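Colleague: Dumping what Swiss-Prot says about this protein:
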TRANSMEM  8-28  transmembrane segment
TRANSMEM  51-71  transmembrane segment
TRANSMEM  103-123  transmembrane segment
TRANSMEM  165-185  transmembrane segment
TRANSMEM  201-221  transmembrane segment
TRANSMEM  245-265  transmembrane segment
TRANSMEM  277-297  transmembrane segment
REGION    843-862  region 'Disordered'
Amino acid sequence: MKLNRLWFCLLIIIPGFLVAAYLGSHFLTDWYWFAEVGYRQVFLTRLLSEVGIRLGTIAFFFLFFYLNLLFTRKSLHLSPPEGRENWTLKEYLIDRFITSRRLGILYLLLSLAGALIFSPLAAGKWLVVQEYLRATPFGLADPLFGRDVSFYIFKLPLYHFLYKLLITAVVGAVLVTGFFYFIFNPRELLGLRRGHFSRPLVHFSTLVALLFLIQAWGFRLQALDLVRSSRGVAFGASYTDIHALLPGYNILGWVAVACGLIIVLNAFRRNLKLVSAGILSFMAAYFLLVIAVPLAVQKFQVEPNEFAREEPYLRYNINFTRRAYGLDRITIQEFPALDNLTPASLREEGATLDNIRLWDYRPLEQTYSQLQEIRSYYSFKDIDVDRYTLDGRERQVMLAARELDQNKLPDRARTWINEKMRYTHGYGLAMNPANTVTAGGQPEFIAGDLPFHSSAGLQVNEPRIYYGELTGDYVITGGTAAEFDYPVTGEDNFVETRYQGRGGVPINTPWRRLVFAFRFHDYRLLMSNGLTPQSKILYYRNIQERVRKIMPYLRYDADPYLVVAGGRLYWFLDAYTITNMYPYSEPNSGGFNYIRNSVKVVIDAYNGSVDYYLVDPGDPLAQTLARIFPGLFKPREDMPAGLQQHLRYPPDLLSIQAQMLTNYHMENTMLFYNKEDAWSIAEEMVGDKRQAMDPYYTLMRLPGETQAEYILMLPFTPARKVNMIAWLAARNDGPHYGQLLLYQFPKNRSIYGPMQVEARIDQEPRISQQLTLWDQHGSQVIRGNLLVIPIKGSLLYVEPIFLQAQESKLPELRQVVVAYEEKIAMADTLAGALQVIFGTQTPAPAASPQPPSQAATGSPGNLSELIKEANRLYSEAQDRLKQGDWAGYGENLKKLEQVLQEMGQKVAE
């Protein structure tokens, strides 16, 4: 007997201990980690709020169920009648097993079980409560109820939550109390004992009446939800919703109240016909007011005169959708699409031409992998695009972080020591200008290699990457053995290092080693002799996981980008505030109908520090989060200047806005209703597939501006057509960051769209023959992104052509196609293609003053020296032309012009 009890205790204690250890280790390691990253207050706010709401919900359900069960106690017939020989089986069982004490325990257990079963209704609802308490007004009222938009986003969700709790609690109480009454006192529950006050019937009727009263409130909530109705021609309350469904919900609310009163009255009058009539009336009213009448109004009033009926609500939808997606902030300008580009005007736009992105990220990823991974265990997750000031000039570059991918370690090297303590970090980055190419068709790397080296003066004092996109598992630093840093010449030669950063949690006591062993299910953390008092464990190292762990209430961009600033490597991650509760705003394909890029997250690749910068302080959702989590967001002004230079408008956000703009650029309700001026995002060919263009960055001078700036742009075409109608630009630099500009083409002209240019490239005989010839000789032709480049009021179209041999995974940039108006040219370089289209006899460009050369200033020199100088300047100009250096090309031509003038004077003498 004792042995059985021992086994029973072990079966209870051991699983209980394991569950407690698992939960406790997760809590403690999260507690340590939040302290390490400096966000323990965020952790406490979340924890205490979640626990408080969950305990409050459990207490509510427990008390509600328990009090209702206690009320049944006096009404249950637990004492069987005298005359044991006449007892039924039920009466015998009650006498044998049911006592007052046992019933009390049963009530407690049932109430607790019900509370625990229904407590998950509160999961994650703590944020709903906090947002209700700390709501920030939008300063904009909806046109139907006149309530501020913040009511629908921050207040209404809490009311829906409370409604669900109340309905669940009352239904649960009805079922449980009804069961006890039916088992122990069915006659009084059913009102069969006339002339006698029926306590069970009154209790049960009160609960059912309460259910109807709560449902009356539910109808009011459903009425408020009409501002997000999808019934009409546009999102939001439509004519039918307002003139049929809204009155229907209001009437149903009063019908529900009346039914509740009838049911309470029935407990005393016991008129089942009245109750039946009330319930049937409620059901009939629901069918009539929620289904039949709205359907009839829609069919017979709205559809025959749809625009006239829906016109006011279309206007609401247009206005609120434009506000919700920030489309109302777009400045609209005309773009003339001139056809008067000349070599001289091109030279004035040297900064634009010097930064046209020729390298498509898709083939470039393969090139980076082949040329810069260097060892099999390194990987480039993806290629980022940014701008840097290099050698005194702003250049658009492609770059990627060289991360260590432990999954690519050789099998023999995949030991616990190697994965956790030796191969701990990536190293450096690779970078190439977006517009230059070597003679072999490869990118011109201006930064890269191992150890890190930059030919462009890019300074990186700390190239090690402990936190990145491929850093999935934990690692331990400060062990007895040094860490692998990077390989050097020779098969087994490498450099070692020791982590000196601020990241990581100390794991210097047996207790902590035990906690982390449970947390990561890894007994070797307890057994290893490689740990020292200086050892630290680095976890949550994947930057996406890291930021979501701190603040999961923002939506994060899927594509972080690497930034070099102040000699260190940082990750930038765009964070969005979104909601699907914005009234009258059309939802997008992601299910939300409001979005702002209010927060920029910066992660130090070495230390793992995470900073949240609020770049749109006017966003009420971000303001509300800032109130809930004081100190979480830093003002944009606190961001170091070196990081602010790399702020980018997110391509994902521009894509969402552009998709909404295809319809919501039309503010005229008649145009919108008929979709007469609907647009599409311009398409291009990628491989052999036709797909919508992605937004792309470029350095260019916007119309009316004096300096080139970094912009993100995307062209539009009319719906179901291929000619271009407009392009959208987002500014990225300095005080202009976030400004949106929409440039529309003249309505009376047809402007070539990207797909038309793609077709013209295919139809151009020389280009088509050359591409076919390469294909026939075993080379795969890869056509890169077709870029539309606005310049001097005109449009250039540029498409790079890559070749990849069948046996090679190394694409080469071999040709560049340029289209302008009716001309198309393909050449080895962008400069060469421009030369074919615009010719070579061009006047010297306007340039900033340069120190005059001896020949250029007319100082003493004979004719032969001037000829040599002219040849030298011409050769340099051609070299710069091949490199795509238009600014340098223009400078050389100006000097050459001065030398030629000097030669003319010498000849005249």
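Any Cβ shown, glycine's included, is placed from N, Cα and C.
A quick note: this is a predicted structure, and the numbers were derived from the prediction, not measured.
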Colleague: Cβ under 8 Å, sequence separation of at least 6 from the ends of the transmembrane segment (103-123): give me the contacting residues as numbers and ranges.
Modeller: 53-54, 56-63, 65-66, 69-70, 73, 76, 78, 161, 164-165, 168-169, 172, 176
Colleague: I'm a bit unsure how to read this: which one of 51-71, 165-185, 201-221 has the highest number of Cβ pairs shorter than 8 Å with the transmembrane segment (245-265)?
Modeller: 201-221
Colleague: Where else in the chain does the transmembrane segment (165-185) make close Cβ contacts, counting only residues six or more beyond its ends and a cut-off under 8 Å?
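Modeller: Contacts with the transmembrane segment (165-185): 57, 60-61, 64-65, 68-69, 71-72, 75-78, 90, 94, 110, 114, 118, 121-122, 200, 203-204, 207-208, 210-211, 214-215, 218.
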Colleague: If we skip the immediate neighbours and take only residues 6+ beyond the ends of the transmembrane segment (201-221), which ones have a Cβ under 8 Å from one of its Cβ atoms?
Modeller: 68, 71-72, 75, 156, 159-160, 163, 166-167, 170-171, 173-174, 177-178, 181, 188-191, 249-250, 252-254, 256-257, 259-261, 263-264, 266-268, 270, 282
